[in-house]
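**Q** Next up is a structure, given as C-alpha cells.
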Amino acid sequence: MGILEVKNINKRFGGLQALGDVNLSVKENSVHAIIGPNGAGKSTLLNCLVGKLMPDTGSVTFDGQSLLGRKPHEINQLGISRVFQTPEIFGDLTVMENVLIPCFAKRDGAFRLNALTSIAQEPDVRAKAEQMLIDVNMIDKRHMQGSSLSRGDKRRLEMAMCLAQDPRLLLLDEPTAGMARADTNNTIDLLKEIHEKRDITMAIIEHDMHVVFSLADRITVLAQGTPLVEDTPDNIKGHPKVKEAYLGETQQV
Amino acid sequence: MLGLNKKDATFLLIVVLLTLFTPIIMQPFAANSGLDQFNGGYPDLMQKVAIFGIFAVGFNILFGLTGYLSFGHAAFLGVGSYAAVWMFKLLTMNVIPAILLAMVVSGLLAVVIGFISLRRSGIYFSILTLAFAQMCYKLAYSVLTPITNGETGLQLALSDPRILDGTNESASLPVTNIFGLAMNSSYKVEALNRVFTFNVGFYFCGIVAILAFYIAIRLFRSPFGMMLRAVKTNQQRMNYMGLNTRPYTLAAFVISGMYAGLAGGLLAAMDPLAGADRMLWTASGEVVIMTILGGAGTLMGPVLGAGVIKYLENIFSKINESVLHSWFHWLPDGLEHAVVWVFARFTGEGWHLTLGLTFMLVVTFLPGGLVEGTRRIKSLMARLRRPKAGRTEPKADDQPSPFKKPL
C-alpha cells in the first residue's frame, strides 16, 4: 500500500481522452518517476493529484484520505508540495521573505490575521527560514529580490520553499526543464541530498532520461493516457514496449 | 519602540511632529506679502488633508499590498458619513460613538461587497466595485431616501432626539464635540505677521490619522502584510503553499473599507451633513489618484498624495480671473488678456486640468510616485556629494535589502 494511491482515474477534455484508467501507487520514501512522450497525460495526472483538475472517475488517496474535491491549499496542508515546471516564486519579495511565507503557512495554517505582530518578533520562524536557505546554499542571496535570481537559483529557492513545509510527498514537474547540463546535475544532487536527509517521498515527472535514471527507484511509463509499464529503472531500460512507444529509434539510453 | 524597529519609529515620530506643527508649516507666507493665498493653514484644508490621508492610507492597504484596484471606495466613505450623522441625530453630538459606528457600518458593507467582488481579480474586480459604489449612490437617491434624505442630504435638526445630550433649549443647532470640546473651536495666535490657527477639529483628525498610520505601519511589517504582498505577486504559489488567498484579500478589503468609513465619519464630524455626492465615482477615482501620485505600496506615498492634491485643489480653485489680472497687470493689455486666458484654463474651475497633467507627468516619468521622486533626488544628491567614492557594499547582515520598498 503506497502513500499515494491513484485508482482507475479517467479524464476527458472534450473528445480527447487525456487519462484512461490510470493506476499508480507511490511507496513511502521512494522516488517514483513518471515518464512518457509529449501528450501522454503526465501533467494532467499531476494536476489531478494537486486539486487543480477533477478527474471524471476514479479515486486519489493520500495516506488513506481522499484528495478528490479538495482545493489546492487543502491538499498542500495534508503534506503534498509541488515544484512547477517554470519556478513559481514570489518575484516582488526578497529571497528571505519567499521562504518565510511557507514557514508561516506551516505554523499558522491556511489563514491567520496576525497583522499586529512584526516579522522581526518571530525568531523561531526566521531561524527555520534561514536554516532552509543554508540547506540550499542560498543564504548569501537572502536580500535579493526573487525576480532577479537566475533560473537555477529560482529552482533552488522554490525547492527551499517546498521543503520549509516539511512535506511528506514532493511532486516535481520537470524540475530540470530548460536547464544547462551543469544546472541539471546540481539539481539532481540537490534532490538526492533532500531524499537521503529527509526521507521525503518524491514523484517526478521528467523528460530527461539522465535525471530519471539517476534518481528514480521506480518508473511508470505513460503513453496516450494509459500506463504502459511500471518497473525498476534497470528493467525499464531494456523494455521493448517502452523503446517502441517512447524512446523510438532516435534516443538511446 | 511600540513594536516598531528604529527606522519606522523615527519615521512615525517625524509624522507626529509634522502633524503637530501643521498649522505653522502650512502658513509660510506673511499675511500682506501677496503670496498669502498660497497659505494652507486654515482649519478646513488641514482637516481635509488629515482625513483624506487616512482614506488614502487605507486604500493603499488594499491596492498597494494586494494589487486589487478598487474603484468603489467612495461608497465606504459615504456610508461612514451617513452613519456618523445618524449617530449625531439619535445619540449624541460627541464624535467618538459616531466614528465608531461609521467604521462598523462601512466594515459590514465591505464584507458584503468584498465577498462578491473578490471572486474576480484584475479589471473585473475593479468594475464590480465600481458597480457596487454606483449602486450605493443611486440607492441613496431613491429607495433609501428615508435614511439618506435624498438630494438635500442628511442634516441635523433641532427636533432630533439626541438621547444622551438631554434637551436642547437653545434655538441654534448643537455642534460636534469631543467630551464638550467643540470641533469648530480654534485658538488663534498672531505672530511673525501671520495668523496661526490651532483648531480642535484638526488636532482630533490628526491624532486619529496618526493612530491609523501607526496601525498601517504595523500591518505593513507584519506576516499578514507580507502575505498580502505575496498575493499581489503570485496567487498560484500561495495556493500551493497551503495558503487560502480569499480570506487574506477579504481581510485587506474590509480593513481598507473601515479606514474609508473612518474618514467618512471624520468628514461628518467636522461638518455634520452627509450627501450622496461623497459616493460618486469621481470620489473613488480621487483616492486612486492620490495613492498613485504619492506612490502605491509605500507607507508615506498615499499621505503625501492626499496632502498635495487637497492643497493644490484648495489653492488652485481660489485663483480666479481677477486674481490672475492682478498678477499680470504689468503686461501690455492685449498680452495680459491672452496670458490670463491661458492661465485661467488651468486654475479656478479648470484646476482638474492641472491635476490631470500632473498625474500624467508623474505616472510617465515617476511610476513609483512622489516617493520615488524624493528617493531619486536623494540618491542624486548623494552621488553629487562624493563623486569619486567607490560604491560602498552593504553589510551582509543587518543592512536592509536594496530592493526593499522605501518608506
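Cβ from N, Cα, C; glycine included.
Automatic, uncurated: that is what TrEMBL annotation is.
Below are the features I grabbed from TrEMBL:
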- B:386-407: region 'Disordered' (REGION)
- B:49-69: transmembrane segment (TRANSMEM)
- B:98-116: transmembrane segment (TRANSMEM)
- B:123-144: transmembrane segment (TRANSMEM)
- B:200-220: transmembrane segment (TRANSMEM)
- B:247-267: transmembrane segment (TRANSMEM)
- B:287-312: transmembrane segment (TRANSMEM)
- B:350-371: transmembrane segment (TRANSMEM)
**Q** By Cβ distance under 8 Å, which residues at least 6 away from the ends of the transmembrane segment (B:49-69) in the same chain are close to it?
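**A** For the transmembrane segment (B:49-69), the far contacts come to 19, 22, 40, 77, 118, 121, 125-126, 202, 205-206, 208-209, 212-213, 216, 219-220, 225, 228-229, 231-232, 248-249, 252-253, 255-260, 262-263, 266-267, 270, 287-288, 290-291, 294, 296-298, 301-303, 305-307, 309-311.
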**Q** By a Cβ-Cβ criterion of under 8 Å, what residues six or more beyond either terminus of the transmembrane segment (B:98-116) are in contact with it?
**A** 72, 75-77, 79-88, 91, 128-129, 132, 136, 176, 208, 249-250, 253-254, 256-258, 260-262, 264-266, 268-269
**Q** As a test: from B:200-220, B:287-312, B:350-371, pick the stretch that has the greatest number of Cβ pairs under 8 Å with the transmembrane segment (B:247-267).
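**A** The stretch with the most close Cβ contacts to the transmembrane segment (B:247-267) is B:200-220.
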**Q** Taking a Cβ cut-off under 8 Å, which residues six or more beyond the ends of the transmembrane segment (B:287-312) line up next to it in the same chain?
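**A** For the transmembrane segment (B:287-312), the sequence-distant neighbours (Cβ-Cβ under 8 Å, at least 6 residues beyond its ends) are 11, 15, 26, 40, 45, 48-49, 52-53, 55-57, 59-60, 63-65, 69, 71, 73-74, 213, 216-217, 220, 260, 351, 354-355, 358-359, 362-363, 368-372, 405-407.
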